[in-house]
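What Swiss-Prot annotates here:
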- Gly83, Pro84, Glu85, Ser86, Ser87, Gly88, Lys89, Thr90: ATP binding site (BINDING)
- 354-365: compositional bias 'Basic and acidic residues' (COMPBIAS)
- 375-389: compositional bias 'Acidic residues' (COMPBIAS)
- 351-398: region 'Disordered' (REGION)
Amino acid sequence: MAIDKKKKEKDVKVHNITDAEEKKKALETAIAFIEKQFGKGAIMKLGDARAMDVEAIPTGSMMLDMALGIGGVPRGRIIEIYGPESSGKTTVALHIIAETQKMGGEVAFIDVEHALDPVYAKNLGVDIDSMLVSQPDSGEQALEIAEALARSGAIDCIVIDSVAAMVTKAEIDGEMGDTHVGQLARLMSQAMRKLTGVVSKSNTTCVFINQVREKIGVMYGNPETTPGGRALKFYASVRIEVRRGEQIKDGGEVLGNRTKCKVVKNKVAPPFKECEFDIMYGKGISRVGEVLDTAVDLGIVKKGGAWFSYEDYKLGQGRDNSKQFLLDHPDIMAEIENKIKASSAEMIAAAGQKNDKKSKLEEKANAGAGISEASEPDSSAEEDFEEFAPIDIGSLGE
């Protein structure tokens, strides 16, 4: 047995190449072999893979787009939107669908909760005639449908609402009081492993909506957690926490509420940024409220005390009056909105230039290191290198 092992180990040769030209040739040979085995594009340089700038789909909220750092949710990635009940999770997801459709993309909504309101979706700007909808019977079915759609390469955005509502086949077949510990977590773990590569290759944005639960017996720290195990937390490129704020009232009538979003995880830009916007009942994210708030943050609209002003215009006293002024003067609102878009585009471009500068400096440093290494005389002769055969541990005891 020891002789057979040694024979096998001797057949596998590992070359120690010191010459730079030989290294380059050896690498080209290795790449050619890998492409022959696994197909063209199995291995490539990162710069050749695709455009370095991450493509994004707007969320329908300017404030949230700015908080995400790239102007929306990234394409070809897994996204998680979670929060308490009635906080605006589905509203944000439907706005992402509407924005995808505006860009000419195909969308799908996997309604695990069986609670999608088509009238509300239409009010938010979703083209319900072209949106694909599925109401699966089990969690396995929901994830298989999502995988099949992503694998087709024809869908630009898939929304799964929600992870917490998924029920496994074993749970459906069992009795009401039966315990099924960790089944959803195992299902999600397997699904994430399969989905990640598929959505990346097809450039599909996969949005998972999730609820929150409380861990029992937590004395210190945040007792809240999300169902479905840890897999989704790891595989998601972006995690957005959505929470409901104070109510928006007109006299005694409640018209909507302030919604707070926090980017808890972000693999494409700096995380932990927060934003607030208005969600109006039956209408979705308030565009005029966002324009006003963003313009104030960027210094386009000036705020002095309770008064809001833009150039020579007095918008009004108080936020509600200023919003009404912008609604009554759509030309001024459009002008402010264009300035906001230009300003946010400049901010994203500046962030990109910063990253490019950093990578160029690294390249320069690496190139300099390569030149200094090449200029040094090779003091080591070939005789100084010995080929060490691996020691057979089994033979030591003989």
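Glycine residues also receive a Cβ, built from the backbone N, Cα and C atoms like all the rest.
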Among Gly83, Pro84 [binding-site residues], residue with fewest other Cβ within 10 Å: Pro84
Shell list (ATP; ref centroid = CB of Gly83, Pro84, Glu85, Ser86, Ser87, Gly88, Lys89, Thr90; cutoff 8 A): Val242, Arg243, Arg244
Secondary-structure category, per DSSP, in which Lys89 (ATP binding site) falls: helix
Neighbourhood of Glu85 (ATP binding site), C-beta criterion under 8 angstroms, separation at least six: Gln211
Binding-site residues: Ser86, Gly88 - member with fewest neighbouring CB atoms within 10 Å: Ser86
Cβ neighbours within the same chain of Lys89 (ATP binding site) - under 8 Å, at least six residues apart: Ile81, Tyr82, Gly83, Asp161, Ser162, Ile209, Asn210, Val242
